[in-house]
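Only one structure is covered here, and it is reproduced in the block below.
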Amino acid sequence: MSDEILALNVGSSSLRFALFDAADLALRLRGHVDFGKDHARTSLSGPLAGHLGGFAAAGQDAGEAVEQLIDSLHVGLPQLSLRCASHRIVHGGDLEPRPYLLHAGLIERLEHWAPMALLHQSVALKAVRRMAQRWPGLPQVACFDTTFHAGQPEVARLYALPRHYTEAGIRRYGFHGVACEFIADALPRLAGPIADGRVVIVHLGSGSSLCALQQRRSIASSMGFSVLDGLPMGTRCGSLDPGVILHLLDKSGMTVADVEDLLYRRSGLLGVSGISADVRVLEASDDPRAQQALDLLVYRAVAEIGAMAARLQGLDAIVFSGGAGTGSPALRARIAERCGWLGVELDAAANGRGDESIGRIGARVAVYVVHVDEELMLARAARPLL
């Protein structure tokens, strides 16, 4: 077999992975493990999928799933020549914005930022450690979601706090950067001459954020210091008056851990609806609380699009991405309708089909739907370090 790169994209409730030819990044294998309440669901595709017929992740732990994947690779592909494993790590903190070869000291440093990416960072680093144990000597690469946003204007990254807090690293970072970079790279093919114009990415999924692009570079993000900020998400609250947190700690008898659990795991669409964190479930429900949760998401998304357009001094294109952004024509339509004042108009048929281009021909603002391949970006970023 040729040399391969394994891309690992570990989340709080899922593991996505892909195997690429190191020479030309041809896809050899792709997989997805979704950790449900009762059992893990595994799907495989690609030319080598048949060799991993015995791979079925058990339990609810991404680290264990990585171990099971490694065992299956050893058994099913004994001739596999793996050059490296490339990982998506959400928070790069104050590191220079680039991919890094991982080592023990760097892993320890990245753990410092885990509380700011609570549902992601520690589980991803756990996968790194499991990989090191089961495949000793294999180079491992970290690719950070924060890297893409590192060139934002300083004013876009500041909080109105005393300067020494900023110097200690308390500032806006922005996330979903690997996905945003994929979209930025895809824009010339999608959008032609407006690719370098004023573009807003609307990434909607279990985690959601917006990113303003100018000349395909990030100039602003709705997420800030942590992955809690911005839009209401599946189980995360999004932007919240800090006074609410002070009140909960002072008047409600809640501990820091209690508040952390509330804001990360029991809020967002799940908290408002009391039903589900999944847009598909809420859209199918006739419970008025489900509708209210969706109403809130649309309301906040439209407000954030307007804010991004103000930062860009206009708007040339919107790109929808993420599981809900690509999977829900109804959600896209509701958001687009309320952005009509910006010149957004959808082609209803194209939107219903989920075409790449869903804006009405001749409308002032182009609208696109992009299925992001984060695993390809991880493999691509790792190649120069091999």
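Cβ coordinates are placed from backbone N, Cα and C, and glycine is handled just like the others.
Annotation comment: TrEMBL describes D145 as active site, proton donor/acceptor. A sphere of 10 angstroms centred on the C-beta of D145 (active site, proton donor/acceptor) encloses 27 other C-beta atoms.
Marked as Mg(2+) binding site by TrEMBL: N9, E374. The DSSP secondary structure for N9 (Mg(2+) binding site) is strand. If you draw a 10 Å sphere around the CB of N9 (Mg(2+) binding site), it holds 22 other CB atoms from the protein chains shown.
Annotation note: R88 (substrate binding site) sits in a strand segment as assigned by DSSP. Within its own chain, R88 (substrate binding site) has L8, N9, V10, A124, C143, D145, V178, E374, L378 as residues 6 or more apart in sequence whose C-beta sits under 8 angstroms from its own. Sequence annotations record features per position, and here TrEMBL assigns substrate binding site to R88.
If you look up TrEMBL, you'll see H203, L204, G205, S206, G207, D278, V279, R280 marked as ATP binding site. The Cβ of R280 (ATP binding site) lies under 8 Å from the Cβ of A324, G327, S328, each on the same chain and at least six residues away in sequence.
In the three-state DSSP scheme, H176 (site 'Transition state stabilizer') is classed as coil. Here TrEMBL flags H176 (among others) as site 'Transition state stabilizer'.
When secondary structure is read from DSSP and collapsed to three states, R236 (site 'Transition state stabilizer') falls in the coil class. With a cut-off of 8 Å between CB atoms and residues at least 6 apart in sequence, the same chain places L119, G207, V227, L228, L263, Y264, S267, G268 near R236 (site 'Transition state stabilizer'), listed in sequence order. Summarising the annotation, TrEMBL assigns site 'Transition state stabilizer' to R236 (among others).
H176 (site 'Transition state stabilizer') is 10 Å away from L204 (ATP binding site) when you measure Cα to Cα. Calculated from their C-alpha atoms, the gap between H176 (site 'Transition state stabilizer') and D278 (ATP binding site) amounts to 19 Å.
D278 (ATP binding site) has a Cβ environment of 16 other Cβ atoms inside 10 Å.
DSSP classifies D278 (ATP binding site) as coil under the three-state reduction.
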